[in-house]
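Novice: Found this in TrEMBL, in case it helps:
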| type | residues | note |
| --- | --- | --- |
| SITE | ARG114 | site 'Transition state stabilizer' |
| BINDING | HIS141, ASP148, HIS209 | Zn(2+) binding site |
| ACT_SITE | GLU206 | active site, proton donor/acceptor |
Amino acid sequence: MKNKTILLFFILLIGSLVSCNLNDYSRQLGVVNTKEKYAFQVEKNDYKLMVDLKEVATDFIFDIRYATKNNFTGEKIYPSNDAFLRKYIAEDLKKANDSLMKLGYQLKILDAYRPYSATIKFYEIYPDGDFVANPMVGSRHNRGTTVDVTLVDRKTGEDLEMPTKFDVFTKEAHPNFDDLPPHIIENKMLLINVMKHFKFDVHPNEWWHYDHARWQRYPMMDLTFKQIKDVAESYKEEEYDLSL
Ligand SMILES: [Zn+2]
């Protein structure tokens, strides 16, 4: 009898551990996972609207790596070469780019909003919380408040030389790693300082990753690019209606 009770206890314990899966984390984190919920939030607070960076400015360069196989997963994760951010955050990024353009450089966008389900996928492939966000916590990319960027020389059209390539998870990628040739430190510090001036803080392990100072105001999301686009479009139509 006693053995049966112990056995039953273990069966229940294993059952509860299995059921505490990634969907439960998503619920605990308050991840917004329906278009209706997101549209409702935007209606209440329009600063929560996500906008297409291509519509915010024509001067960004786009190389959304997760829309290609050229990323650390070796898989195409996103359906299109699109980049979305919350509207005021996108405007701050535009200001940073305008300022860099005056100096002869341009921002190249490598990643922006990332659906929560993509964060789960990344962690399954590379389960190291120092570089890839743990789904128990989520990524600030899920909030539409974060971008991965590098710099391009406007004259040559070439990327500036940086400490590492994108998504190289080594100590050389840490912003404070300074055992590097002076011109590389200069390039890295130019990017970090201009981004900082426009309210984007660099990640302690990744020179390319920047979180907007107001990231905490925005919830994580698990909506597809198409769902994000649909809400942005309907919002534009609504604005048009109001102007009539
Ligand atoms: Zn990032």
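These residue numbers are counts, starting from 1, taken along the chain as shown.
Including glycine, each Cβ sits where the backbone N, Cα and C put it.
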Novice: My understanding is the cutoff is Cβ-Cβ under 8 Å with a sequence separation of 6 or more in the same chain; which residues meet that for HIS141 (Zn(2+) binding site)?
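Specialist: Those within reach of HIS141 (Zn(2+) binding site), by Cβ under 8 Å and sequence separation of 6 or more, are ASP111, ALA112, TYR113, ARG114, THR119, ALA133, ASP148.
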Novice: Here are some recorded positions: ASP148, GLU206. Which one has the most Cβ atoms within 10 Å of its Cβ?
Specialist: ASP148
Novice: Enumerate in sequence order the recorded positions ARG114, ASP148, HIS209 whose Cβ-atom distance to ligand 1 is under 6 angstroms.
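Specialist: Listed by sequence, the hits are ASP148, HIS209.
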Novice: According to DSSP, which of helix, strand or coil covers ARG114 (site 'Transition state stabilizer')?
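Specialist: Reduced to three states, the DSSP call for ARG114 (site 'Transition state stabilizer') is coil.
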Novice: How many neighbouring Cβ atoms, not counting its own, are there within 10 Å of the Cβ of HIS209 (Zn(2+) binding site)?
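Specialist: Taking every protein chain into account, the count is 25.
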Novice: Give me the sequence-ordered set of same-chain residues, not including HIS141, ASP148, HIS209, with a C-beta within 8 angstroms of the centroid of the Zn(2+) site's C-beta atoms.
Specialist: LEU110, ASP111, ALA112, ARG114, SER139, ARG140, THR146, VAL147, HIS203, GLU206, TRP208, TYR210
Novice: Where does HIS209 (Zn(2+) binding site) sit in DSSP terms: helix, strand, or coil?
Specialist: strand
